[in-house]
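For reference, the structure is listed below as structure tokens.
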Amino acid sequence: MAQQAADKYLYVDKNFINNPLAQADWAAKKLVWVPSDKSGFEPASLKEEVGEEAIVELVENGKKVKVNKDDIQKMNPPKFSKVEDMAELTCLNEASVLHNLKEXYYSGLIYTYSGLFCVVINPYKNLPIYSEEIVEMYKGKKRHEMPPHIYAITDTAYRSMMQDREDQSILCTGESGAGKTENTKKVIQYLAHVASSHKSKKDQGELERQLLQANPILEAFGNAKTVKNDNSSRFGKFIRINFDVNGYIVGANIETYLLEKSRAIRQAKEERTFHIFYYLLSGAGEHLKTDLLLEPYNKYRFLSNGHVTIPGQQDKDMFQETMEAMRIMGIPEEEQMGLLRVISGVLQLGNIVFKKERNTDQASMPDNTAAQKVSHLLGINVTDFTRGILTPRIKVGRDYVQKAQTKEQADFAIEALAKATYERMFRWLVLRINKALDKTKRQGASFIGILDIAGFEIFDLNSFEQLCINYTNEKLQQLFNHTMFILEQEEYQREGIEWNFIDFGLDLQPCIDLIEKPAGPPGILALLDEECWFPKATDKSFVEKVVQEQGTHPKFQKPKQLKDKADFCIIHYAGKVDYKADEWLMKNMDPLNDNIATLLHQSSDKFVSELWKDVDRIIGLDQVAGMSETALPGAFKTRKGMFRTVGQLYKEQLAKLMATLRNTNPNFVRCIIPNHEKKAGKLDPHLVLDQLRCNGVLEGIRICRQGFPNRVVFQEFRQRYEILTPNSIPKGFMDGKQACVLMIKALELDSNLYRIGQSKVFFRAGVLAHLEEERDLKITDVIIGFQACCRGYLARKAFAKRQQQLTAMKVLQRNCAAYLKLRNWQWWRLFTKVKPLLQVSRQEEEMMAKEEELVKVREKQLAAENRLTEMETLQSQLMAEKLQLQEQLQAETELCAEAEELRARLTAKKQELEEICHDLEARVEEEEERCQHLQAEKKKMQQNIQELEEQLEEEESARQKLQLEKVTTEAKLKKLEEDQIIMEDQNCKLAKEKKLLEDRIAEFTTNLMEEEEKSKSLAKLKNKHEAMITDLEERLRREEKQRQELEKTRRKLEGDSTDLNDQIAELQAQIAELKMQLAKKEEELQAALARVEEEATQKNMALKKIRELESQISELQEDLESERASRNKAEKQKRDLGEELEALKTELEDTLDSTAAQQELRSKREQEVNILKKTLEEEARTHEAQIQEMRQKHSQAVEELAEQLEQTKRVKANLEKAKQTLENERGELANEVKVLQQGKGDSEHKRKKAEAQLQELQVKFTEGERVRTELADKVTKLQVELDNVMGLLTQSDSKSSKLTKDFSALESQLQDTQELLQEENRQKLSLSTKLKQMEDEKNSFKEQLEEEEEAKRNLEKQIATLHAQVTDMKKKMEDGVGCLETAEEAKRKLQKDLEGLGQRYEEKVAAYDKLEKTKTRLQQELDDLLVDLDHQRRTASNLEKKQKKFDQLLAEEKTISAKYAEERDRAEAEAREKETKALSLARALEEAMEQKAELERLNKQFRTEMEDLMSSKDDVGKSVHELEKSKRALEQQVEEMKTQLEELEDELQATEDAKLRLEVNLQAMKAQFERDLQGRDEQSEEKKKQLVRQVREMEAELEDEKKQRSMAVAARKKLEMDLKDLEAHIDSANKNRDEAIKQLRKLQAQMKDCVRELDDTRASREEILAQAKENEKKMKSMEAEMIQLQEELAAAERAKRQAQQERDELADEIANSSGKGALALEEKRRLEARIAQLEEELEEEQGNTELVNDRLKKANLQIDQINTDLNLERSHAQKNENARQQLERQNKELKVKLQEMEGTVKSKYKASITALEAKIAQLEEQLDNETKERQAACKQVRRAEKKLKDVLLQVDDERRNAEQFKDQADKASTRLKQLKRQLEEAEEEAQRANASRRKLQRELEDATETADAMNREVSSLKNKLRRGDLPFVVPRRVARKGAGDCSDEEVDGKADGAEAKAAE
């Protein structure tokens, strides 16, 4: 019953179609179609034609109406009603197509073929045509075998993917509500059933289940109820289902496009938001509601219309289904709960209410319960959330400020947050589904893509979302038109088929350009993006700009009245659409509150934080607010580069999708909406007609009918249909094309039904299906014949078996009858009893011998069985190995094919890379030198940093020492106040110097700001250049399209050069691919350039800061040189410690040597291990750890040495403290220390900054190193893959070497074709040069176009000025009223004239429309007539075929009759032979009967005689017994003869019956042949007449074609003249370009010279600075020596004073003690001696002081000289600095000049300069990469060499294994040979046994013959006995005596003979 119900909605009712009454009515009434307002078209009968009008009678009401002839359309015969393929209609027009679709729709047939695609009308009800049984019905069937269905389309796509190995796509297109989503689901259902790896119906695979469950999840979250559709997809999706080589599903991937996220916050009237919101609120349990804080429907603001229900759907049940689908998809419960929390959070966001405060515009949140719920659900802090919305932190300059938000801003922020949250959740869900669907490890070979995207939408007012959706549908419709109409016809021309290009007028490119064109003039999306950049831009300004730029576009319209709400209109292919541009700028930028975004990123809920992980890519509201304040594009820059608008992202996504679809074979399904009321069984004809016109259905049918939609490659055609032409192709090699020509000749196809191209055979619609049917019939015939042979063979076998059984039965019967006769005979019984006794002894011996033989035989049998089992096991092993080898071979072949492809790609890549390498090798050396120079500078900087660190450490120690001394010096500060005043003066001087330095720093900062402004201006220029590049690319594309059109026209004319055009198209495709690659590379290059610029600026900043630090450090060094005197004394201790340090270093080097040795050992071990990478990495890590440990030890030792140094310094300080003479100087030093401490604090601050910058540089360096390592890893992986590929290549090479032998025979045939190819290549080269010239010309045209555009702008400006002048003149004209009146009269006259002209124009337009209609009608009629003509030709060709087939049949029948005659003659001859045999057998039988009668008579005589003998004598018993035996034998012979006679009689009867049958059949066949011959003769005469008519018609057509060709030749000549003019233009443009390039090269050379001069000045400056530093160091050392000398002089002066004091004291004592006595004389002498001694000492000290003074003077002189030198060096440095500044100024001036030059050149040559700059940057970047990669490559080469050694070792091992296997195989073969020999010996023994058996049989036969001879003797004796009595006695006695003398052996022998006789 279910099947019958389904058939009703699938198959057409044949009784309705074949109604003869309807056919007669149609023919009688001349029915036609007439336009109708109600039903589109209605039937009417044509009554009368009057001029251009016709009178028709409407069928419905019988009214007569006058109609224009052009409006009448022909009606098809009733047999074409509800036709499955509308391409079969005889009259193809809108009315017929609409009627066919309507009839089928009302009958429940929703699917109809329309040529190559399928049309589906939404039934708005469930139909029983999608069950598993229906799927099985369509599985593997051809399209024409089953009625139209979505399953049929899917199955053809699947089968063509499997056969052609080409990716497929199924595009379901149509308006919203047409049924695209449902058909997509059915496609997935069919594929999941057909391509499932689990073949049982009950057990479906997990992947297939998940694939089927992906749609319900996506529908729940992405679909919604709209006015047109209850389950409208509010996003687009492209489902890619991947299949493996066997056709099983291995995975899937879903890509989504443009989710309508605004539906989450507001909906139109009677519409719903996304289904999941209603599912959750209806289906959630109480526990879940409390957890998710759910409320009733009317409590949510975001549910605009409350609870809107969908008829026939329960939201509660759908919730359970969605949750079950997520469970099947493998989404865990935690993630499910996370999704539901986010949904509830989105709803709660709508409930947050803001109010405006009284006095200010600031927003406030009076009730924060909703905010608390939101923060609870999303895991964030409430206060932070409310603060982030009401008073977010906004960046102003470099600071962050909290800005209060207005109510409108807060509401916008909440809505934006809700939309973004839902969109991110949806994107996460799609990624999660893709992860689940793509988890299989099997490799996907090809895929089927299913596109389900939002249909065309036309509302009252349409927004940005509708523009994107309609733009997508325009692109898809353009793809359909391109594939159906343009690519189809281009393929005809490529293949060299005679074809006139038909322009169907369905090009949608103008509308697409209006939306997407980037420049010249820019499209709507480009203008929207541009407006987003401008400050104070509004939606109104955007609309004004659109009207200004695109106001004159044919597809663009302004609103006609001011009352219209729409801002502008676009004429799409589906109709005119009004757009309202409210909030388009915001929608395009899609801004967010970045405070809330960061808060959500830091959420405690893992799911929410995962959704908001890419916070750094969003556009903040502060950036959008900045639009009104700043004009800089930098305001829109995020952390990772410039932001991308929604329009840009969607455009890129769409371009990617279109590229994917173009690379597949598309299968179109056109979905049609029958009505807007969503009612079943209702069809609005006007709505359907509009959709048919838009979708290009009629044009698709027309090209399908006129063109050749079916095409087959030569080889495939030969392989598939050679069975239909078995003997047409000769044996041996033949070209595919020649073979196809011969096959088509043999098939006798009409020449109009096919065309033979260069590589394919093209057929009209239906021809291939007919061939397929014939092929199926042929195959069935072959299989029937094969079955008949098999059945005959089996029957013969069974018959032979039955015959054997019959003969066996007869033998058994005979033996049984003989046994029954002998059973009751007494002698037999005695014989049976005696015989075993006699044979016992003999049997025992025989048994012994037999047992021995049996034992031997059994042993042999066991041995043979063992051998057999061994052989079987060996065979099974060999079979298994064979299977394994076959599998490996198959895998290897597949791998080989893949490797071939890979090899081709790699070779192409290799060639490209080699070219790039050759280009870059010249610059590598320069870059290496530059790198070395930079490394040297880096080393210098590191050395400077180390020196600074050491000085800082010394400062630290000095500071500690001074702090200790500070306590002792505080008491003496009062004495040093005068010195303090001096120091204050010095401080003032230092302050002045500090101010000077600060001024210099300010100058540097201003320079830095200027540089930043320059960088910004450069960024602006870069953006402009990028925009210009995009414009030029768009123009290039447009020019390419124009060039393609020119080439198409040229292809029409140049029919002979089709092959060359094919190759040009291929080259263009390659160029397009290269351009795409170039664009990608340029994008990467620009990104890299941006990074390089940033790094360069950072580097310059760092260098500037380092220079400042160096200058400050040099100043500090001058102050610190005074402390170095104390350090010189500690140098000895330091040397000792240095020796210890060197010892430690030697120890460290020893340890390093040991580690190196360990590493070598490890590397040797690693060679033996298979996985080299892991072990190497582990060893590297351990090695690094050891190095770090050694470094730590080294640093510890250094620290210990530093501590010891510090201790020595402290000792030295304590010793110096003892010197009291230095107290005055210490005070001075204390003051200096204060200054130094301040300076040191500043230096430490700067040092920290420098260290931070250094760390940043190191981080960048580490990042670069990481990138390099990643690249190295990739290179290693590629190297491994290359090695694998090389291994596979070697295998493939070995195979190819085998194949070369086969190809050698073909090479001779290929030489001729190669010569032709060379000629074609030459022509191609010439064409390619022409093509290049055309491209150059195109570029020049572009430049001219730009100049013209500039001129146009200038003219527009002039026009504006003129308009202003006109307005002024109008004001003046207002004074003259009289003039106005005359002007008004003139105006009225002009208006009247204009009205008259308008009327005339309208009349002309109407006439033109009429002419167009007549033209279209006539064209359609012409097409119909052509179709009829084709049909008639086909019928004629079919009749000719039938005639030829009839002739063939007749010939076959004649041959069959001849065969039958021969068979009859043979049968008659056999019958005669059998008759003669029968007669001879009858004679033989008569003779046998006679013999039998004689034998019976003799038998009777013998019986009587026996009785007599028995009665008379007992002695003769034995002889009587023998006679009875002979009698029985004779009786048996007689019976055998009888049976033979009966058999012969049966055979004779059978032959007679067969003879009669043959005669009857022959007579019947003769009569049938005569009748058929008469009928065929009549048909052939009629066909000949028809053919003559057709030939005449064809001749007329041929003449028309000749005329057209002559016209085409004239047009071709004109085009060639135009081409020459264009070439002249190209030459001039090339000259201009060369001049520009020369100027550019000159500028570049000047730039290089400037750069070199700058480098020289820098080097000289650095040398001067180094000399100045050295001089300063010398001066400081001299100053230190001078101070030391001054200290020594002071000490000497003190000693001198002490000595003088002592002398004075002694003199006083002498004077006082002069009056004492002689006792004091001795004391006096002693004292005088002491004085003399002291005087000597004083003289010595004076000499010393003089020497010291001399030295001091010398030191002062040296200091003065050093100061003069220093001043000279400073003046030199100043001069150099001035020179540098002057050079920088010159450089700036040159840069300005260069920019001016570039500005002048850019107007003409922008594209070339940008390309060159991009190439330079790209090459520099590539050079850096190459240097890095070269270093990595060296390492990889070493690794690869090691691997190669390992591989060689493995190869040697495998060779040994192979040799072992060969030895084993040889042993097995020898063993097999031995077994064979043993078998042969056994067979010989069997033959010997058979020979012995035969010998025994011969002996037995001899014995029987002797027995017969004895019987004969007995019979002769009997005869003699009968003759007389006397002689009878003697023999009787003799016989008695003989009987007495007879031995037992003779008796036994006689008995044996009798037994043998009986056995016979």
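Keep in mind that glycine also has a Cβ here, set from the backbone N, Cα and C atoms.
Here is what Swiss-Prot records for this protein:
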- 27-77: domain 'Myosin N-terminal SH3-like' (DOMAIN)
- 81-776: domain 'Myosin motor' (DOMAIN)
- 779-808: domain 'IQ' (DOMAIN)
- LYS8: N6-acetyllysine (MOD_RES)
- TYR11: phosphotyrosine (MOD_RES)
- LYS299: N6-acetyllysine (MOD_RES)
- LYS613: N6-acetyllysine (MOD_RES)
- SER628: phosphoserine (MOD_RES)
- TYR754: phosphotyrosine (MOD_RES)
- LYS850: N6-succinyllysine (MOD_RES)
- LYS860: N6-acetyllysine (MOD_RES)
- LYS975: N6-acetyllysine (MOD_RES)
- SER1114: phosphoserine (MOD_RES)
- LYS1234: N6-acetyllysine (MOD_RES)
- LYS1357: N6-acetyllysine (MOD_RES)
- LYS1392: N6-acetyllysine (MOD_RES)
- LYS1404: N6-acetyllysine (MOD_RES)
- LYS1638: N6-acetyllysine (MOD_RES)
- LYS1669: N6-succinyllysine (MOD_RES)
- SER1714: phosphoserine (MOD_RES)
- LYS1793: N6-acetyllysine (MOD_RES)
- LYS1802: N6-acetyllysine (MOD_RES)
- SER1943: phosphoserine (MOD_RES)
- 1117-1137: region 'Disordered' (REGION)
- 1877-1918: region 'Disordered' (REGION)
- 1934-1960: region 'Disordered' (REGION)
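Annotated features, which come from Swiss-Prot, shown on the structure.
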residue : record            : Cβ within 10 Å
LYS8    : N6-acetyllysine   : 15
TYR11   : phosphotyrosine   : 13
LYS299  : N6-acetyllysine   : 14
LYS613  : N6-acetyllysine   : 11
LYS850  : N6-succinyllysine : 12
LYS860  : N6-acetyllysine   : 14
LYS975  : N6-acetyllysine   : 11
LYS1357 : N6-acetyllysine   : 10
LYS1638 : N6-acetyllysine   : 10
LYS1669 : N6-succinyllysine : 14
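For the modified residues TYR754, LYS1392, the ranking by surrounding Cβ atoms (within 10 Å, all protein chains) places TYR754 first. If you measure from the Cα atom of LYS1669 (N6-succinyllysine) to that of LYS850 (N6-succinyllysine), you get 126 Å.
Secondary structure at LYS613 (N6-acetyllysine), as computed by DSSP, is coil.
Nearest by CA distance to LYS1357 (N6-acetyllysine), out of the modified residues TYR11, LYS613, TYR754, LYS850, LYS860, is LYS613.
Within the chain, the domain 'IQ' (779-808) has long-range Cβ neighbours (under 8 A, six or more residues past its boundaries) at 723. When the alpha carbons of LYS1392 (N6-acetyllysine) and LYS1638 (N6-acetyllysine) are compared, the span between them is 63 angstrom. Computed over the domain 'IQ' (779-808), the whole-number mean pLDDT of the model equals 93.
Here the Cα atom of LYS850 (N6-succinyllysine) is found 81 Å from that of TYR11 (phosphotyrosine). In space, LYS1638 is the closest of the modified residues LYS299, LYS613, LYS860, LYS975, LYS1638 to TYR754 (phosphotyrosine), judged by Cα positions.
Rounded to a whole value, the Cα-Cα separation of LYS299 (N6-acetyllysine) and LYS613 (N6-acetyllysine) is 31 Å.
When the alpha carbons of LYS8 (N6-acetyllysine) and LYS613 (N6-acetyllysine) are compared, the span between them is 56 angstrom. Taking the C-alpha positions, the distance from LYS860 (N6-acetyllysine) to LYS1638 (N6-acetyllysine) comes to 101 Å.
Cα of TYR11 (phosphotyrosine) to Cα of LYS1638 (N6-acetyllysine): a span of 76 Å. Secondary structure of the domain 'IQ' (779-808), assigned with DSSP and counted as helix (H, G, I), strand (E, B) and coil, comes to 30 helix, 0 strand, 0 coil. Annotation note: TYR754 (phosphotyrosine) sits in a strand segment as assigned by DSSP.
Rounded to a whole number, the C-alpha distance linking LYS975 (N6-acetyllysine) with LYS613 (N6-acetyllysine) is 70 angstrom. Here the C-alpha separation of LYS1638 (N6-acetyllysine) and LYS613 (N6-acetyllysine) works out to 52 Å. For the region 'Disordered' (1877-1918), residue counts in helix, strand and coil come to 42 helix, 0 strand, 0 coil, using DSSP.
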